[in-house]
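Working notes for the structure below.
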Amino acid sequence: METKEIKSPEVLSEMPARVGGISDSFHRKKLGIYFKESDDRRTAIGGGYIGGTTPVNIRGKPITDLSKTGGWIAAFFIFGNEMAERMAYFGLSVNMVAFMFYVMHRPFSSSANAVNIFLGISQASSVLGGFLADAYLGRYWTIAIFTTIYLAGLTGITLCATMSTFVPNQDQCNQLSLLLGNCEAAKQWQMIYLYGVLYLTGFGAAGIRPCVSSFGADQFDERSRDYKSHLDRFFNFFYLSVTVGAIVAFTMVVYIQKKHGWGSAFGSLAIAMGISNMVFFIGTPLYRHRLPGGSPLTRVAQVLVAAFQKRNASFSSSELVGLYEVPGRRSAIKGSGKIAHTDDFRFLDRAALQLKEDGADPSPWRLCTVTQVEEVKILLKLLPIPACTIMLNVILTEFLTLSVQQAYTLNTRMGHLKLPVTCMPVFPGLSIFLILSLYYSVFVPLSRHITGHPHGASQLQRVGIGLVVSILSVAWAGIFERYRRNYAIKHGYEAGFLTPMPNLSAYWLLIQYCLIGIAEVFCIVGLLEFLYEEAPDAMRSIGSAYAAVAGGLGCFAATILNSVIKSVTGDAKRGRPSWLSQNINTGRFDYLYWLLTVLSIINFCAFLYSAQKYKYRAKPDPGIGEQNVNKVIGKPV
């Protein structure tokens, strides 16, 4: 049926002239009545989509029978991909430090920094994956392409560990030679190759990290009565699959390395990724897809440019026609529903301010829809919350590398069983597994009784709980490291930083490991669910990428922090070791942990302020368009 432009009534265009005595702030508070709805040029972009939730098949056609697609069965096919990616991620994060030290003959500090850069790339590059998924490829094809890249990187790492050509000569390189730095150094081209395939693997995570959780959540029907419950459980099960991948990396992969060597260990990661890719593709007929909504960065840029061009326009001007929006329930953005106008970041509203001078067919770089403006507002409003989780990721990164050095000086025997040092980080995974298993049976009923919240705690409350527990974790790490260092000096182990002290158990590290595991459960799971629900419909992959970017920035921040501390606290001329000396017994890891504790407390205060200011996004009303028009023309709503 042919559609016509809905004109603003004359009374509206005359209103500013009649109420010129009323302050501009009054008009700003009433922006919601200034809607002018049109269905001209914007509808051509996406054809219009109700609610932003219309599921399609892989060919982009609407799914006629939803009962044959999606749901938990489809989600479980997706879980496997994330499990394998996490298995490789944690397997490399722990084993690669030891591989570079023992095989490539690199110092611990430079090995840890290289791994931190890998961790940062694998998370920070998620912005690219989220952008491609939301703009052009869709989540399915983004995952498919980048898992293939990930597999290629793992294959390259396996070749490096398998073929002697890619590693330096290992003859006459014993532990003493390693300590003294007398082993043959890796050639420059060998390190370039290793860094290349390692960072290629990290880049492969760009399309997995931001898309897998969102693609899995897409499998559930937003119109279902149990949607909220399904979504809550999905993100918990999703992180459970992440945890299982981590546990396998810290146990089975380490065992394979001890028994069969580095090539077999890294090869097992490549095989697991290959199998997960096959499982993911097998589930293709079951998946529900969301159409990509075009470049979100272009839409953001259009809003900023349009708002700047109209920066001097007044909301009480006689030239005002209204705030521009398309009519009815349909959004102009493919894959997105309409978003109600809010009073946040009011300077951006000028991008949707339609003036008489705009003409009948204005450029999208001069006039944007209200929904497009609200997308940008939401992205800005979300930023402080994931930014406050960067500190947690700094702690996680430091624990992954520094705790391994601590464990080398401790007794890792448990009865007759002696655990390899690289197995120690499995304990946070086990604590996460336990907490997630008991989450619905213990935590939710208990916290529901305290808070009255149907899910026990809101998403932001869970993030806050996680941040508090992370502070306890790093504070305990500082206390124990001080005790461990003093014990080593007192009992004559100061020079033997790779010699385990038989009477000091490594299982004291379990306290900090388990606490940081609990912090992850509450903070990261709550953050993922928060970002998925609050992000604009057509930007959910980018919303999920916020969490991964926070993780990547945490890795980079840890690397920068380590470099600064080494340069500031160490003085080779005076023989003063840095806090992060390769000999942990002459260094001061405890000072670093206390510094992280202070920074975490400051970060938590910033989170409390941001969480208190944040307003949860109002869910779209199916009649939002008609209601605003009726307000303008005076009809009852």
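Even glycines carry a Cβ here, placed using N, Cα and C.
Over in TrEMBL, the protein carries these features:
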TRANSMEM  87-105  transmembrane segment
TRANSMEM  117-137  transmembrane segment
TRANSMEM  144-167  transmembrane segment
TRANSMEM  192-212  transmembrane segment
TRANSMEM  233-256  transmembrane segment
TRANSMEM  262-282  transmembrane segment
TRANSMEM  424-442  transmembrane segment
TRANSMEM  463-480  transmembrane segment
TRANSMEM  506-532  transmembrane segment
TRANSMEM  544-565  transmembrane segment
TRANSMEM  591-609  transmembrane segment
So, do the transmembrane segment (117-137) and the transmembrane segment (192-212) meet, by the test of 3 or more Cβ pairs under 8 Å (sequence gap 6 or more)?
yes
Candidate ranges 192-212, 463-480, 506-532, 591-609 - greatest C-beta contact count to the transmembrane segment (233-256) (under 8 angstroms):
506-532
Mind checking which residues of the chain, 6+ beyond the ends of the transmembrane segment (591-609), have their Cβ under 8 Å from one of its Cβ atoms?
384-385, 388, 390-392, 394-395, 398, 402, 463-464, 467-468, 470-471, 474-475, 477-478, 481, 565, 569, 579-580
